[in-house]
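Asker: Feature table excerpt (TrEMBL):
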type     : residues  : note
TRANSMEM : A:24-42   : transmembrane segment
TRANSMEM : A:49-69   : transmembrane segment
TRANSMEM : A:75-93   : transmembrane segment
TRANSMEM : A:140-158 : transmembrane segment
TRANSMEM : A:170-186 : transmembrane segment
TRANSMEM : A:198-215 : transmembrane segment
TRANSMEM : A:221-238 : transmembrane segment
Amino acid sequence: MSEIVENADPAAPTLVTGSALKQALPAALSVMPVAMLFGVLAARSGWSVLDVLLLGLLGFTGSGQFAALPLSESGTGFFTLLLVTASINCRYLPMAISTIRRMPRSAFARACSAHMLGDEAYACERDDEPIDRMLQIRSAIFLTWVLAGAFGAVIGGVLPEDWLSNDFNLGFPASAVLFYLALSQLKARRAHIRRHQVAGAALIFLCAAASLGLILTLGPVYFWIPGVLLVALLLNGVRA
Amino acid sequence: MNGAVLIATAALLITSLLVRVVPVFVSMPLGAGGLRIVGQILPTAVFINLAVYVAYSEISAAPAAAATSLLGVALLAISGRVGLVGSMLVGAALYYTAAALIG
């Protein structure tokens, strides 16, 4: 696999072959079973393959898609659905804001790359990721999710009703990948948090405890924005 | 595409526009402090919350299996000796084995 990345001039053309895909591959593979599970469940609810494909392309939100499925099945209205899915996915707000500096200048490319931002892509990317490489990482994970969902819808109609026990957690590998990526990013950023190793680790534990407290208080859907703000305040306060 | 699917698709598309697309078009004049917050503090805060959220979600569903597996994944991530794929495989193996043994 060859790679030519010209970082000296941001305006210079950047050619990345293979290695961006290699970087995104583990995360892309890990979301496949989850996306397929979504496709299977959607097919069971009477959705066509085209429905699942379009929802994946236009409404790529992972957990938001899983939440929307039973709600739409029960006839929930548009604004209720919007409120629920926006609440679940509000974690993307700080992610999007923190990636503005590495976004393409073209409005269309910028909108597409923002739409394709997911947890796994965000955790895979580096702060100094070149634009082309970032787009490749996001596209790889996004397309894997969309196509695996459609494939899940195809097989959803073929599999018997009791093909898989409800107790079998297909989503765990994706959680393990997210957990690994989040910890790796924190490890890499530890120097920015605090120069002393022990103090840095203690601060991360304090922030984690604060985040857990908010999850227990507000629930795992509504804790995101307060959680990110509280932890950012703690980190910024200690640094200042 | 029936009405329910259309409503779900529209709601998710607008969600994506609100939480991901619109924020990257809003220009904010940031000083050195603002850049540090957006570039360093905010991503770190997101990753801490993400790690806690994943651990909470999985441990709530299957306490022993998830705790065992995520502890293994955390040790591998901190040591950095095994890559992402290896860590995912070890984590998944630990999880499904523990879940099968414990029930």
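Cβ atoms here come from the backbone N, Cα and C positions, even for glycine.
In terms of burial and nearby residues, how do these features look in this structure?
Answerer: Listed as Cβ neighbours of the transmembrane segment (A:49-69) (distance under 8 Å, sequence separation of 6 or more from its ends, same chain) are residues 31, 34-35, 38-39, 41-43, 81, 84-85, 88-89, 115-116, 118-119, 142, 145-146, 149-150, 152-154.
With a threshold of 8 Å between CB atoms, the same-chain residues lying at least 6 positions outside the transmembrane segment (A:170-186) that come near it are 26-27, 30-31, 33-34, 36-37, 119-120, 123-124, 164, 204.
Residues 87-88, 90-91, 93-94, 193-194, 203, 206-207, 210-211, 214-215 of the same chain, all 6+ positions outside the transmembrane segment (A:221-238), place their C-beta atoms under 8 angstroms from a C-beta of that stretch.
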Asker: Could you give the residue numbers and ranges of same-chain residues that sit at least 6 residues beyond the transmembrane segment (A:140-158) on either side and whose C-beta is under 8 angstroms from one of its C-beta atoms?
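Answerer: Beyond its ends, the transmembrane segment (A:140-158) has Cβ neighbours at 20-21, 24-25, 27-29, 31-33, 35-44, 47-49, 51-53, 55-57, 60, 62, 65, 116, 118, 120-121, 124.
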